[in-house]
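K.L.:
Please find one structure pasted underneath; my questions will follow.
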Amino acid sequence: MRKTPQETKRIAMAKQARAEALRGQQLDARIARATARRDSQGQSARQTEEEKQQQQERLRMELDERDRRKHELRRAHIDAIAQRAGDENRKVEEVAFLARLEEENKRLRTQQKLEDAQERRARLEEERRQRAIVDSASEEASERRQRLEEELRQRIAVKAGKREEAAQKLEDERKAAREAAETRAEEARLAAEAHAAREAQLAEERSQKLRRRLLEAEQRRKQYITDVRSTAVTSRGSMSGGESPGTPPTPSPSSAASTHAPGSPMRSLSDASTAQPQPPDSPSRAANRASAEAEAAIARLKSQKKRMRKLRARSDALASALAPRLAAHDACEAASLVADVAADLDKSSGPARTLERLKRHLSELRRGRMSAADEAAVELARALKYCSPKSADQLRLLHAARAGDLLRWLAETLASPALAPEKAMERAKLLRTCCSLPGNCIYLIAHNLLAPVLPALVGCLDQYNATSDTILEGDDVDEASAAAFLASEELLHELLSLFARALRPIGGAAAGSNVDGFAEPSYPDAAFMEAEVLATLQLEGLHQMESDLVSAVVAAGVVHRLHDTFVLSVKPGLPATENGAGDATPALAPIPAVVQDGLTLMEVLAVPRGPARMDHAPGKEAEGCSKVVLDAMAETAFAGLPSLLTTVLLHATPKDAKDAVATLPPNVAPAAAAVCRVLCDLSRLQQAKELFHSPDLRIELYHLLSFLLAFCTSADGSPTDVGNPKQQAMHTLRNAAVVLVGWFARLSKECQDMLVWGSGNQTPTILSRLSSLPYPYTCDPTLRAVLMPTLIAACFRHPSNVKALEANGMSARMLSQYLAEEASTEEDGGPSREPHAVLGISPPPRAPEHLTLRARFPRTLWREAGDAFSGIAMISSAAASGTTAA
């Protein structure tokens with residue numbers, strides 16, 4: 001669109017106005033800049049003027065300063081010139097003074113030289129006079145020395161002559177003495193050879209006598225086994241037609257040979273029971289058998305020595321590793337422990353002096369003075385007499401023996417073969433007393449101090465077995481031999497008791513067969529047996545050392561020698577005694593104390609330890625030291641324990657169990673209970689089942705258990721009356737026999753059959769004897785826990801035994817109810833005791849853990865056993881109802 005002139009003019013005017021405004025702005029800006037430039041130039045001129053004035057002022061001040069320094073320098077220069085002039089004057093004066101001094105010194109030196117020359121001339125003159133005197137004295141001394149030398153040569157010549165004469169005389173005397181000594185040595189050698197020959201002959205005679213006694217014992221045992229078999233076979237009663245559960249087996253030689261290896265004790269049992277009387281062996285056959293036995297004994301001895309060396313090396317290594325940790329837990333001072341005892345005891349003169357001497361000797365022994373050990377042992381034995389048994393004071397003294405290194409000294413000296421028998425007996429007795437403290441037993445095991453004592457124990461057993469028959473029978477025995485034998489027997493008692501106490505399982509009660517649940521009281525050892533310390537000591541190394549010690553005891557041949565001791569302990573020919581009725585009955589002497597100590601040690605050795613404790617899973621074999629013990633038991637026919645009791649019982653031959661009290665040894669009950677406990681502990685091992693399945697051992701145990709149950713049942717008194725020691729022994733024996741029956745019959749068809757051998761009133765079966773136990777065994781909780789697991793093991797998977805049990809007045813319903821109660825208790829975590837607390841009455845006593853069904857019968861088979869017994873009970877009830885209805 002085209003613009004109009006007005007618009008164009010308006011636009012041009014607007015542009016013109018903007019241009020004028022822009023020019024005005026530019027002009028104002030130039031004016032402002034010019035004004036600013038002018039102002040800045042004026043200010044610069046003023047600054048220049050001020051700087052010029054300041055520069056002139058500075059110049060004036062510098063000129064003044066320069067003038068001042070010039071005057072000072074001039075004054076200093078003048079002073080220096082004056083100083084140098086004064087110094088020069090002083091130097092001249094000093095030089096003059098020095099010159100005067102030098103002249104004075106020269107004069108004095110010259111005078112001194114003159115005086116020295118005079119003194120030197122006088123000294124030389126004196127020396128010449130003295131030299132003349134000395135020369136004359138020297139000539140006189142030389143003459144005198146020559147005279148003395150001549151006299152000395154003469155004396156030496158005289159002495160040399162006398163010396164040669166004395167030497168010749170001494171040589172003649174020595175030659176004569178040598179000839180006499182050679183003569184005496186030859187005589188001594190001949191005497192020693194004669195003595196050695198006599199000793200060897202005596203040892204050979206003793207060895208032959210011991211072998212003859214062992215052979216006679218083996219022949220008696222074979223005869224006893226034959227008698228037992230005859231007695232068992234004649235008791236068949238109404239059963240007939242082949243072998244039945246109630247008939248004892250009659251194994252043939254072939255079956256026995258297939259069961260046991262040639263030469264084993266179990267093989268000899270089978271041969272003994274089935275063999276007919278044989279003619280005497282020819283001399284060649286007897287010599288061959290003796291040679292084979294000797295070679296087997298030598299091979300076993302080599303194997304035992306090799307195993308002993310390995311066990312000793314491993315135990316020493318473990319002891320070195322455990323020693324620092326054990327020392328950290330036993331840091332008590334012996335002196336402080338004895339001081340605590342002194343503070344508690346009566347302040348009389350006797351105990352106070354004894355304790356003071358004991359504290360001093362223990363401190364000296366701790367510092368390494370071994371000569372104080374013997375006195376410390378004497379004072380400790382004397383101090384223990386002042387303390388009450390099982391008291392805190394006795395605990396402190398026994399702990400002090402360990403803290404003062406007396407325990408180590410006792411064990412080390414007891415292992416020395418050069419120790420006198422009297423000293424050995426005293427130290428063994430004191431060491432056994434110290435082992436009453438569990439901490440001391442742990443100390444001995446952890447430091448491997450008991451293994452070196454094993455040779456002493458083995459030697460005592462050998463000596464006892466070799467000489468006991470001659471000494472006890474009194475055949476031409478003098479008083480000295482009898483006294484030596486009694487001392488050796490007492491030492492053997494102490495050593496057996498020592499090992500029995502020391503080998504008790506570490507860490508509390510073992511999984512053994514203490515049928516009454518009574519544990520031996522022990523000390524609350526403050527240093528070892530606290531809870532946190534026990535948690536530290538339950539180390540694999542400590543238990544390994546305990547197992548190694550048990551293995552070492554077995555490897556040393558202790559079990560084999562105890563077997564010989566048990567075999568030789570019962571003598572066949574004893575005088576008869578008159579009983580109250582006037583009949584002559586053979587009386588047996590008490591079982592020797594050594595046999596009882598050996599049984600105690602066998603109980604400790606047979607306790608399953610560590611991984612070898614019974615696992616209810618089938619097929620579990622023994623491990624560790626229990627495997628070693630079991631092998632030794634297999635080699636020695638269970639150490640002759642069943643034969644020991646069988647021999648005693650068959651030798652007594654009572655017509656009735658009530659008559660056994662008059663004919664059996666008075667201490668047969670504790671010994672029989674110990675044998676039962678050992679067999680129970682061994683039967684817990686699965687590998688031992690093969691040994692218990694031996695037909696001959698079953699026959700032997702049949703006779704043994706049947707008689708023991710009848711013997712205990714016929715005794716007067718209630719099973720719950722344990723106040724009388726004799727009743728307590730019978731109660732313990734009865735419980736041990738019942739528990740042994742359960743372990744023997746557990747999951748074994750052959751052993752369960754043995755329980756119903758015999759019939760009728762004349763020869764009741766073992767199962768009928770179990771059913772005829774006193775009434776408290778069915779109602780008292782503790783006694784019920786003894787009987788019921790045995791009946792369950794005897795009747796499990798064996799209907800014939802269940803029928804026999806019901807025929808004797810008991811029922812399968814009792815067994816099923818007991819299983820249900822135990823299962824309910826297991827599910828509830830234990831029997832409830834709250835209702836008794838609410839009612840204000842004491843709860844029933846609980847059965848010991850080792851008597852519970854859980855410990856004696858596999859938990860996995862409870863349901864099967866309960867169902868089977870319930871089914872049999874229902875069938876019996878239905879049959880009884882049908883009979884009643886008919």
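Placement of Cβ uses the backbone N, Cα and C atoms for every residue, glycine included.
OK, TrEMBL features for this one:
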| type | residues | note |
| --- | --- | --- |
| COMPBIAS | 1-10 | compositional bias 'Basic and acidic residues' |
| COMPBIAS | 47-67 | compositional bias 'Basic and acidic residues' |
| COMPBIAS | 106-132 | compositional bias 'Basic and acidic residues' |
| COMPBIAS | 141-154 | compositional bias 'Basic and acidic residues' |
| COMPBIAS | 161-206 | compositional bias 'Basic and acidic residues' |
| COMPBIAS | 253-265 | compositional bias 'Low complexity' |
| COMPBIAS | 284-295 | compositional bias 'Low complexity' |
| REGION | 1-70 | region 'Disordered' |
| REGION | 106-206 | region 'Disordered' |
| REGION | 226-295 | region 'Disordered' |
| REGION | 820-845 | region 'Disordered' |
K.L.:
Which bits of the chain, at least 6 residues beyond where the compositional bias 'Basic and acidic residues' (141-154) starts or stops, bring a Cβ under 8 A of a Cβ in it?
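P.N.:
Those are none; the list is empty.
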K.L.:
Counting only residues 6 or more past its boundaries, what in the same chain has a CB within less than 8 Å of a CB in the compositional bias 'Basic and acidic residues' (47-67)?
P.N.:
none
K.L.:
Please list, for the compositional bias 'Basic and acidic residues' (1-10), how many residues fall into helix, strand and coil according to DSSP.
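P.N.:
Grouping H, G, I as helix and E, B as strand yields 6 helix, 0 strand, 4 coil.
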K.L.:
With DSSP as the reference, give the number of residues of the compositional bias 'Basic and acidic residues' (141-154) in helix, strand and coil.
P.N.:
14 helix, 0 strand, 0 coil
